[in-house]
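Heads up, the thing below is written out as structure tokens.
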Amino acid sequence: MTHQTHAYHMVDPSPWPLTGALSALLMTSGLTMWFHYHSVTLLLLGLTTNILTMFQWWRDVVREGTFQGHHTPVVQESLRYGMILFITSEVLFFTGFFWAFYHSSLAPTPELGSYWPPVGVYPLNPLEVPLLNTSVLLASGVTITWAHHSLMEGNRKNMLQALLITILLGVYFTLLQMFEYYEASFTISDGIYGSTFFVTTGFHGLHVIIGSTFLLTCFIRQLKFHFTSNHHFGFEAAAWYWHFVDVVWLFLYLSIYWWGS
């Protein structure tokens, strides 16, 4: 092994970006097959490949950052910039969906009866399950902040409790969203209202599932004493991501559920 005279991490070749990209292709193709041909084989293959990739990629990053000490302060600063850019790209991703919604709702076309919501579509009551979902996500934002402050103060017990509550709130939100989809009187095929509603809320729900998985990984790592008060960027990135999901939901609730109804 050659002697390293700098603080940067020279990453070893890894197969996980390739398998991750292939699993994403399999999942999107599998979704198309499921929607049109009611076949879940390709979707299940993509999900399995994606879960295996996540597990092994996270394992390698934990080894490099926690056990081998490659995540120096300089590397952590670069990772922070990377996470900020990633969240910025996610903001632009959701901007497209909000643009589609406002483009259609602010000036409804004659095909929609020049009316919003379109005639025949009965939107969900924003003061029922959507308001409960808003409360759940806002509460999870409080608990993730509690977990972060507990970690900074070296209070491991409180950190684990707060993080577990956040994960459970994320799971509860997902279950409520599934119930809402089941009870909705319209589908993704019901014109521009149905498509913008389900695509926007669906992608947000997917981000909640990803965020919950991220937090669950941090919970397991904290059980194994991986985090300290001054070396915990993995958890910090998960907290940033979770706050981003919270903010997107607030815009989504105010735009689609409350104003759009």
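Every residue gets a Cβ built from N, Cα and C, even glycine.
Bear in mind that the values here come from a model prediction, so they are computed numbers and not experimental data.
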Identify the topological domain of L106 and of T228 in Swiss-Prot, and say whether both name the same side of the membrane.
no
Same-chain residues near the topological domain 'Mitochondrial matrix' (67-72), Cβ under 8 Å, at least 6 residues beyond its ends:
7-9, 79, 231, 233
Six or more residues out from either end of the transmembrane segment (41-66), which same-chain residues have a Cβ under 8 Å from its Cβ atoms?
9, 11, 14, 16, 19-20, 22-31, 33-34, 213, 217, 221, 226, 233-234
For the topological domain 'Mitochondrial matrix' (1-15), the mean pLDDT of the predicted model:
74
Report the listed stretch (16-34, 129-152, 156-183, 191-223, 233-256) having the maximum count of Cβ pairs within less than 8 Å of the transmembrane segment (73-105).
233-256
With the transmembrane segment (129-152) as the reference, find which of 16-34, 191-223, 233-256 contributes the most Cβ pairs under 8 Å.
233-256
